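Features of the protein shown, as given by Swiss-Prot:
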REPEAT    45-73  repeat 'ANK 1'
REPEAT    77-106  repeat 'ANK 2'
REPEAT    136-168  repeat 'ANK 3'
REPEAT    172-201  repeat 'ANK 4'
REPEAT    205-236  repeat 'ANK 5'
REPEAT    238-262  repeat 'ANK 6'
REPEAT    266-296  repeat 'ANK 7'
REPEAT    301-329  repeat 'ANK 8'
Amino acid sequence: MQGNVIHVDKLYKMMYTDNYETIKKYLEYTVIDKTENYSTSANLIPFIPLHQAIEARNIDIIKSIITVDNVNQPGHDDTYPIHIICKEPNMLAISYMLRSINQCSVFNTLVKIKDMFNYRNVEIAKIILTNRYKNIQDIDLKYIDKKSKDDIIEITKLLFSYGADINMVDRHGNSPLHYATENPDQRLTRLLLSKGANPNILNKTNKSPLYYSIESDNPDITMLLIDKFIFNNTDPILSHAIKHYRKPILHALIENGASINARDKYGNTPLHYAVSYCKDIDVIKLLLERGVDVNAKSYIRNLTPLHSSYLKSPRVLKLLLQYGADINSLDSYSLTPLTSVVLQYLCIECGRIVVSHICCLKRIKPDIENSLGFIDNIDAITSNKRLNQIRLKCEDELNRMASIKITNTYSFDVFVLCDNITLLCKLVNNSIIDDILINSFNIYKGIILKNIYRSRKRLYLIENTLYVLNNTFKPNYMWNRLPVELQNYIMEYIDDASLKVMHEYEKHKLKY
């Protein structure tokens, strides 16, 4: 201090270290010097005393200088008081103060503590700066953490009582809620929402507070925001959650309106990120079951999710193909998902899945042989010794299945090439099937057994539901007057889940 002048840096440090009376005296009888020095030149600290007091969580000083006129006053960096209290403490400025008193080793410890307690460490900094500790391990971290959070709530309520604008945005377009969810602080978030904070405000990078809560990995805060968030079909929030692998909140996002087909600026959908980032089969299955576009192409290179998967996981590959992923789709470089990977590094199981699928496609859709993608895939397969051997085995198995007649119209290959469950149900109990050595079809054995099992399971459901219905209704009831063929025909249009519900419900009624 020179005469009646105090530099802004010194005043800032006093907010952390000095008592109320000393700071008050300086504020009343001195002029603040705002010339640049080692810290202010880097815009590390605020110039306005109220802003400094809020950063230091100095409640007594805040109470003595806050007014309705300065509660919404922006600082030199266009930051408002309500933003400061919602932000994490100014650890960079604190580090300068610690280094100035040769406390570098203590600062390193403080950084570790900061990571433990989600950046709520102003009280710990005060203890260190005022030398009120003998050993850093002696500090009651839980008590300090609680006090820091309590102070934040008290200061925030004080700002609101003087008219702080809950939805004021700073130069980055961030609202107080953006910062509260980024930290994160559940109590503070609840308080802001209760005071009317708008969770739908987008900052200059087009991110809402919900984006930051997802990044900070606090499901409780995220659920608070989801409940009040207004979703739209173009918001790629689901992709954001998948990129950060926030599996617990995905169901909530979808149920509350997050679009499963929304594209980000690169044209990627949630499925693109699910197969390339988290690679969690449950997440991928969830998206596919909800109707995500399995063949959506990105804006960059026209990549489908199958391209983005790089054919690395047999389970992912099988699931994508099961839901209609196009193995013959071409990207901007005229590469298919198969030709875009280095074939020598393609795992044996993935190679078998791809080749067996392509061989089936040729029989299901004969016209596909004229498509460029199919031609390129066949060329790649035949030019690779390992894949071509698989192709020859596939062709042999399909030819042998085609030679086994189940009826005058259908051959055994129907259990590989057909996905019509109604048709399979009509064929599955044919005695010829029981005589077939399914183990002789090494490549297609899994598909055959799966289709036989699911068709017999459905047939069992239909037959049992019919039995229960026929024994539930009175003889003169309309249902019992229908021909058996018509009853079966009606059952064909009811899905498995509904059949199961009907069966269990009527069985329960019969029991009682």
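Placed from the backbone N, Cα and C atoms, the Cβ positions cover glycine too.
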Cβ contacts under 8 Å made by the repeat 'ANK 4' (172-201) with residues that lie 6+ beyond its boundaries: 82-83, 85-88, 118-120, 149, 152-153, 156-157, 160, 166, 207-210, 212-213, 215-216, 218, 220-221, 224-225, 228-230
Composition by DSSP (helix, strand, coil) of residues within the repeat 'ANK 1' (45-73): 14 helix, 0 strand, 15 coil
Helix-strand-coil residue split for the repeat 'ANK 7' (266-296), DSSP-based: 18 helix, 0 strand, 13 coil
Long-range Cβ neighbours of the repeat 'ANK 1' (45-73) (under 8 Å; 6 or more residues past either end): 8-9, 11-12, 15-16, 20, 23-24, 27, 32, 34, 39, 79-82, 84-85, 89-90, 93, 122-123, 126, 148, 151-152, 154-155, 158-159, 162-165, 168
For the repeat 'ANK 7' (266-296), distant same-chain residues with Cβ under 8 A (at least six beyond the ends): 236, 238-239, 242-243, 245, 247, 250-251, 254, 260, 303-306, 308-310, 313, 315-316, 319-320, 323-326, 329
